[in-house]
Structure formats: C-alpha cells, structure tokens
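Since the structure comes first, as structure tokens, the remarks are kept for the end.
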C-alpha cells in the first residue's frame with residue numbers, strides 16, 4: 001500500500017484540511033525532476049524547502065491550537081465535575097443522568113486526544129517519507145537540515161502523560177457517580193484462593209497513547225500522592241542492577257535456574273529522592289510449590305555505599321525502626337534477616353553496579369482491588385554502570401552521577417546506552433480458581449496494539465545489549481529486535497469511539513512507498529516474534545493456505561543413505577547401506593515430520609556469531625514423576641530377574657544353579673543400565689537440555705539378554721540330561 005493511499009484512507013474527516021499535502025509534494029518533486037531531465041538544482045531545492053515549510057507550519061499550528069483546545073475542555077469538565085460532586089451532599093443532589101453526561105463529555109475528549117495523537121503520528125511519518133523520497137531521487141541530502149526545522153516545531157513530541165492522569169481521575173469520578181473507590185493499592189495480595197498470572201508485552205510507540213486511553217476507560221491511573229499536582233518526574237523509576245565480573249546473576253536469571261537472584265537498588269522520582277529501596281528478586285520453579293518473590297527494605301541514600309561495603313551494619317539500619325516501635329517485632333526481624341542475606345551476598349559474590357534501567361511508569365489499578373493491575377513503562381533506557389572495560393563509570397559510588405532522570409540522556413556515549421524502541425506493558429491478573437479474566441483485558445492483550453514477549457527482563461536485556469562482548473548466551477527476543485511488531489488493526493469492542501457513533505477509520509500500520517501487496521499479505525499472517533513460547537503453539541510455522549495433502553521432510557542422514565542406496569554399484573553395497581540406514585533410523589529417530597503442503601519456515605532470525613539463544617523452558621513437575629515411574633518400572637524388571645536367579649540358586653538342582661548365572665548377569669546389566677539412564681535423564685531435565693529422552697537400547701538389550709539367559713539355562717539342562 002502506497003503511503004499516499006494509506007494517508008487518504010486513515011485521515012480523520014474533521015482534520016482533513018490540516019494534514020500534510022503529501023501527494024502535492026510528491027507531484028511537485030516528480031514534475032520538477034521530469035521538467036529538468038532528472039536534474040535537481042539549488043533553485044528547485046529552495047522552492048521545495050519552502051513548500052515543506054508551509055506544510056510544517058500548517059500542521060504545527062493546527063496541533064498547537066487543538067492541543068490547547070483539549071486542555072481547555074479538560075479544565076472546563078474538571079470544574080463541572082467538582083461542582084457536581086459538591087452537590088452530592090446538598091438538598092438537590094445530582095442525578096445519575098448528570099454523571100452520564102459528564103462521562104460522555106470525557107469520552108469525547110478521550111476521542112479527541114486519540115485523534116490528535118494519530119494525526120501527529122501520521123503527519124510526522126508523512127514528512128519523514130517525503131524527505132526520504134526527496135533524498136533518494138534528487139541526490140540532495142535534506143534530512144538533517146529539515147530535522148532541525150521539525151525539532152523547532154515539535155508537534156510530534158507532545159507528551160500526553162499529564163493529560164492522561166487528569167482525564168483518568170475525572171473519568172473515574174464520573175463513572176462511579178462521584179464516589180470513586182478508595183483503599184490500599186496493595187490490598188488483596190495475601191489472599192490464597194487466587195490464580196496469579198503476570199504477562200508482558202511490547203507496545204510500539206505509535207500505539208502508546210491509544211493503549212493508555214483504552215485502559216483508563218476501565219481502570220484509573222494509580223496516583224500514589226493525590227495531595228500534589230502530577231509532575232513528569234513523579235512517574236520516573238530508576239533501578240541499579242548488581243552483578244559480578246562473571247555475570248553469575250545474569251546467567252542464573254537467563255536460564256531461570258531454581259533460586260536465581262537479582263539484586264537491585266531502586267528509587268522513585270528524581271535524583272533528590274532520599275529513600276532508596278534495596279531489593280532482591282528470587283526465581284522459584286513451579287515444581288517446588290513456591291512462587292517467585294520480591295523482597296525489599298528502605299535505606300537512606302547517604303548510607304548506601306557503607307551498607308554495600310559492610311561498614312553500615314544491619315543493626316544500624318533498623319535501630320530507628322526498633323526504637324520507634326511502629327512495626328511489629330516479627331516484621332522487623334524478617335527485614336533484618338533480608339538485609340543480612342543481601343549484604344552477605346553482595347560481599348561474598350563481589351557484586352557491583354552493572355546496568356541501570358530508567359523508565360516512566362503509568363500504573364492502572366482500582367485502589368484496594370488487586371484483581372487487575374496494569375503498568376506501562378515508556379522511555380525505557382538501559383545505561384552501563386560497570387567498570388569491566390577499565391572505565392570506572394561510578395567512580396567507586398553505588399551509581400554514576402553524570403546523569404539523572406533527564407531522558408534521553410544525550411550526554412552519554414552510544415556504547416554506554418541502549419534506548420529501548422518499545423514501551424513495556426505488564427498485566428497482572430488475580431482471579432478466582434476457574435474464573436476467566438475480564439473480557440476487555442482478553443481483547444486488549446489479543447489486539448494489534450501489543451506483542452507478547454514472555455519472561456522479558458530489563459536486566460537481562462540491558463546486560464545482553466551493553467555487555468555483548470562478555471556474554472555467551474542471549475535472550476530469545478534479542479535477535480528479533482529489528483522485526484516490525486506492528487500489525488493490521490482488527491475490529492474489537494475496546495477501540496476508542498465517540499459517544500453515539502462508531503469510528504472504524506483507524507488503520508495505523510505504515511508502509512514504505514516501495515512496499516507492495518505481498519508484504520502487506522505477509523504482515524497479515526505474520527505471528528510477530530516467532531520465538532515467543534506462548535505463540536509457538538499456534539504459530540509453529542508461517543503457513544500459506546493449507547490443504548490436507550502432507551509432504552515429507554527427511555533428515556540429512558536419511559537423504560544421504562537414500563542417495564547411496566539408489567546409486568549403489570552392486571547388490572552387496574546396496575544391502576550394506578540399507579542395513580546402515582535401518583540402524584540410523586532406529587537409533588537417531590525418524591526425523592521425518594509431516595507438515596501441511598505449502599508451509600514455509602522463517603529462518604531469518606539467527607543468533608549472532610559466537611552467541612547462543614537461551615529460550616526459557618518450563619519443566620512441569622509431572623516430568624520428574626514420569627522419570628521416576630520409568631526408573632521404578634525398569635528396577636522392578638531387574639528385581640524380578642534377580643529373584644528368578646536367587647530362586648534357581650537356592651532351591652534348584654546343580655544344573656539349575658549354573659543356569660541361574662545368565663539370569664543374574666541379565667539382572668545386573670538391567671540394574672546398571674537403569675541407573676545410568678535415570679541419572680542421565682535427571683541431569684538433562686534439571687539443565688533443561690533439548691536432547692532425545694527416548695531409550696532406544698534398553699528394551700532391545702533386555703530382550704536379547706533374557707533370550708540368551710533362557711537358552712543358556714535350557715542348554716545346561718539339556719547337557720545334564
């Protein structure tokens with residue numbers, strides 16, 4: 001789909017006169033080139049630049065006016081909401097209809113914000129594409145020059161966070177008829193009869209504002225301090241992750257080892273924040289019956305360095321807390337035990353700052369209700385804090401001091417920073433056993449707005465990206481970072497609409513001018529990140545329309561032996577290769593998969609040279625039980641054969657005693673083989689190795705030994721008689 005066609009289909013009718021005149025600019029570019037026999041002059045360049053300036057002024061002015069209008073409308077509705085709420089305790093309280101009118105007005109404002117964000121995004125894409133086309137066709141490089149003009153009129157950089165928070169508060173009041181739910185945001189966390197599930201998703205920057213607006217219609221933005229006006233800095237979260245030079249914690253978390261820990265120091269807000277949280281995250285496998293846990297305690301910033309060095313003791317950390325007596329003694333003792341363990345690990349493993357993560361978080365949750373909690377982290381950035389290359393970035397401090405929360409941290413070298421291209425959505429559900437999540441949540445996580453990325457970790461991504469020369473294994477999502485996660489929108493019940501009508505004009509997936517219909521079709525069928533574990537069930541292969549006819553894909557060995565058999569020069573060599581092929585088939589498996597005809601596989605995603613992709617593997621408890629049952633079954637065969645041997649040895653004739661030797665040897669061989677196979681399987685399962693667990697030798701070996709034992713016993717008796 002050409003961008004001009006996409007623009008004409010996606011434009012909002014009310015804003016149609018204010019869009020970039022992309023087709024006119026494209027026509028001007030092509031006509032001037034054709035009139036000058038493909039030559040581009042400085043005069044033509046000046047004229048084209050003036051046309052771009054006119055379009056930029058038009059778009060920027062409209063965005064500025066519309067943005068001011070939205071803020072004015074929000075302010076007016078805020079006054080109406082406050083007035084309506086004050087009347088609740090009067091003699092003439094407002095009716096339900098009054099709140100419904102306010103809710104409709106806010107829904108209309110939400111639609112305006114959505115349309116304005118879409119308008120800005122589409123026009124910015126238009127400018128980028130026409131400049132790219134200009135540079136490609138004329139040979140003049142306009143992009144860096146015009147980028148300065150775009151930055152001077154940044155209609156595409158409007159931040160809607162403050163607006164989203166304000167609208168969320170007002171919408172929550174209107175939706176609850178002036179009685180918004182209040183309570184502890186952490187309530188409900190200790191109830192037991194719940195199924196807790198956490199899933200993570202990537203969100204393309206084009207979809208961030210729309211996603212926020214959709215969520216706030218169902219959950220309010222969680223504001224921790226309602227007594228102060230929201231500021232941009234309030235949403236900032238910074239974490240310093242610790243590890244040693246061997247990256248032991250990184251590899252433990254990457255492999256999801258049982259008991260793998262992550263240690264970090266975290267603070268909320270700007271650099272003036274005095275309270276630092278010392279946190280430890282511990283991974284637990286499902287088979288242990290325990291849940292992964294995060295534990296933390298607070299520490300004053302001035303004591304952090306001494307605590308990490310062991311100079312500031314645990315008793316000193318909690319001396320004031322003990323003296324005040326505001327918390328139960330058992331809780332204080334638990335915190336002291338946690339602090340002691342963290343300090344011990346820090347010193348023993350020689351942990352030091354390695355990676356910093358920074359992001360602005362928007363949290364959505366009903367206060368006092370932990371059933372659905374959603375957080376959206378934007379401007380995610382990872383920064384190096386280590387000294388592994390000989391550069392002491394922290395200067396023996398617990399964090400580097402040359403940056404704060406001034407994203408995008410332009411003062412840093414490119415080798416020290418990784419600006420993550422997507423936002424990270426985290427959905428935490430807590431439902432009754434057997435209960436489905438809310439319908440709107442299911443639609444949201446299944447929509448085109450998000451891309452599932454199971455087990456995504458900021459710490460793992462930061463280390464794998466910034467310390468690429470030190471790591472051998474990388475997370476499964478890293479080779480896919482260049483894959484476009486945008487997908488064509490599908491109709492849902494959660495899309496942003498104006499009250500009283502439906503708006504299905506959205507089609508937010510942008511294609512380059514050179515893109516053709518084949519690419520669009522490929523995107524329609526694309527499963528996104530092909531290594532996502534949950535998605536692999538449904539998207540094992542990217543397939544064309546399938547039929548019932550299956551075709552066979554043979555292994556390399558099978559194909560080799562088939563060629564040898566066909567090209568055999570004499571019957572003896574042919575028979576030889578047939579026998580070898582038979583044993584290869586028996587010991588190495590069929591290695592033949594029946595797949596629908598027309599299926600194709602995506603083989604473009606590969607690990608970088610010298611790296612291995614670590615895919616998280618979940619080992620169910622039943623795997624261990626099945627291994628033990630198999631071991632006990634073989635053990636019972638060994639015991640049975642041993643019992644036969646012992647019986648013949650004890651109660652049989654002298655000839656039978658000699659015949660029992662065969663059964664004894666068979667019993668011993670089965671026992672040794674069983675123990676070896678069991679030990680090998682347990683180790684492979686514990687290490688989550690992708691190996692063949694089938695025992696191809698055992699059954700045949702037992703059968704052969706048993707036959708030989710019977711024949712030997714029969715022969716002994718035959719000779720004796």
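FYI, residue positions are counted from 1 along the chain as it appears here.
Each residue, glycine too, has its Cβ placed from N, Cα and C.
Values in this document were obtained by computation on a predicted structure and should not be read as measured data.
Pulled from Swiss-Prot, these are the features on record:
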type	residues	note
DOMAIN	1-148	domain 'SPX'
CROSSLNK	75	ubiquitin cross-link
REGION	126-133	region 'Important for inositol polyphosphate binding'
BINDING	200, 264, 266, 281, 294, 359, 361	ATP binding site
ACT_SITE	458	active site
TRANSMEM	631-651	transmembrane segment
TRANSMEM	652-672	transmembrane segment
TRANSMEM	700-720	transmembrane segment
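Annotation for residue 359 (ATP binding site): same-chain Cβ neighbours under 8 Å, separated by at least 6 residues, are 236, 237, 377, 378, 379, 380, 381, 424, 458. The recorded positions 281, 458 differ in how many other CB atoms lie within 10 Å of their CB, and the one with the most is 458.
Within the chain carrying the transmembrane segment (652-672), a Cβ under 8 angstroms from the stretch's Cβ atoms is held by residues 634-635, 637-639, 641-642, 644-646, 701-702, 705-706, 708-710, 712-714, 716-717, 719-720, all 6 or more beyond its ends. With every protein chain in view, the residue among the recorded positions 75, 200, 264, 266, 361 whose Cβ has the most Cβ partners within 10 Å turns out to be 264. In terms of DSSP secondary structure, the domain 'SPX' (1-148) contains 125 helix, 0 strand, 23 coil. In this structure the C-alpha atoms belonging to residue 200 (ATP binding site) and residue 75 (ubiquitin cross-link) are separated by 35 Å. Around residue 294 (ATP binding site), taking its Cβ as the centre, 10 other Cβ atoms fall within 10 Å, counting all chains. Summarising the ATP site geometry, the residues cited as binding it (200, 264, 266, 281, 294, 359, 361) extend over a maximum Cα to Cα distance of 20 Å. Under the three-state DSSP scheme, the residue listed as 'active site' falls in the helix class. For the recorded site, residue 281 (ATP binding site), the DSSP three-state label reads strand.
Cα to Cα, residue 281 (ATP binding site) and residue 75 (ubiquitin cross-link) are separated by 43 Å. The distance from the Cα of residue 75 (ubiquitin cross-link) to the Cα of residue 266 (ATP binding site) comes to 35 Å.
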